[in-house]
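*Asks:* The transmembrane segment annotation in TrEMBL covers 6-27, 34-56, 93-110, 130-151, 171-195.
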Amino acid sequence: MITIDLSGPFVTYSILAALGILGWVWGFRYFVSLGLMTTVAYLIAVQGGNFIVGLINRTYSNLPRLAAFLTGGDTASAAPLGPIIPENLEAPLLLRVLVFIALVAIGIGYSFPWEGKPLGGWGGKRPLRILGALTGLYTAVLLTSAVAIFWREFAPTATVPEMLARALNSLPTWTGIIPSTITAFVITLITVTLIRFNRIWAIDGGGGGGGGPRK
């Protein structure tokens, strides 16, 4: 009988392997959109989450003063509103999770102009496949880190099945390597763009671009 230890690195390695293989099969041009949107989602919802929540609350609270200013009224006498996002654990965390999911979903579901069709198969176009696999691993690191960080914030108030909790607790946050990893990804994007600037919108690997929902 085979026993899988969910408290070890099995879950993490499985995610890394799955997205790395998917990046190899799909290719760089098709997979880079997901990597890019995951980066944006991570920076906004994970690293900048508290700032975003505070910005939304401050903007909402100052709406009466803004209305008074626009209508020529007395801004000093306009009472601010209470925060729209309650100052507790659950509401700000839920907003950050939803924003993260929404941005990643855009990367999955939207067809950006530089994309072609997935390469498919295993052979041919090796440079695109290698870059795709690396982008898949990079995306897996960000996704794993985000889930781990969200879970550690939610865990003190959560009641989940023991097996799920064990799997989530096994995920690393990778906070020590995330900044350098994102920097390496951005440098790679800039380098590829400069090298292939005259073909960045060209069809590569069949099918292509145009922007819009994936079909």
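Keep in mind that glycine also has a Cβ here, set from the backbone N, Cα and C atoms.
Are these features on the surface or tucked inside, and what touches them?
*Replies:* Listed as Cβ neighbours of the transmembrane segment (34-56) (distance under 8 Å, sequence separation of 6 or more from its ends, same chain) are residues 84-85, 92, 95-97, 99-100, 102-104, 106-108, 135-136, 138-139, 142-143, 145-146, 149-150, 178, 182, 185-186, 189.
Counting same-chain residues at least six beyond the ends of the transmembrane segment (93-110), those with a Cβ under 8 angstroms from any Cβ of the stretch are 33-38, 40-42, 44-46, 49, 52-53, 56, 85, 143, 146, 150, 153-154, 211-214.
Long-range contacts of the transmembrane segment (171-195) within the same chain, counting only residues at least 6 positions beyond its ends with a Cβ under 8 Å from a Cβ of the stretch, are 11-12, 28, 32, 35-36, 39, 42-43, 47, 131, 134-135, 138, 141-142, 144-145, 147-149, 151-152.
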*Asks:* Residue list, the transmembrane segment (6-27) vs rest of chain: Cβ under 8 Å, 6 or more residues beyond ends.
*Replies:* 116, 118-122, 125, 128-137, 139-141, 143-144, 163, 166-167, 169-172, 205
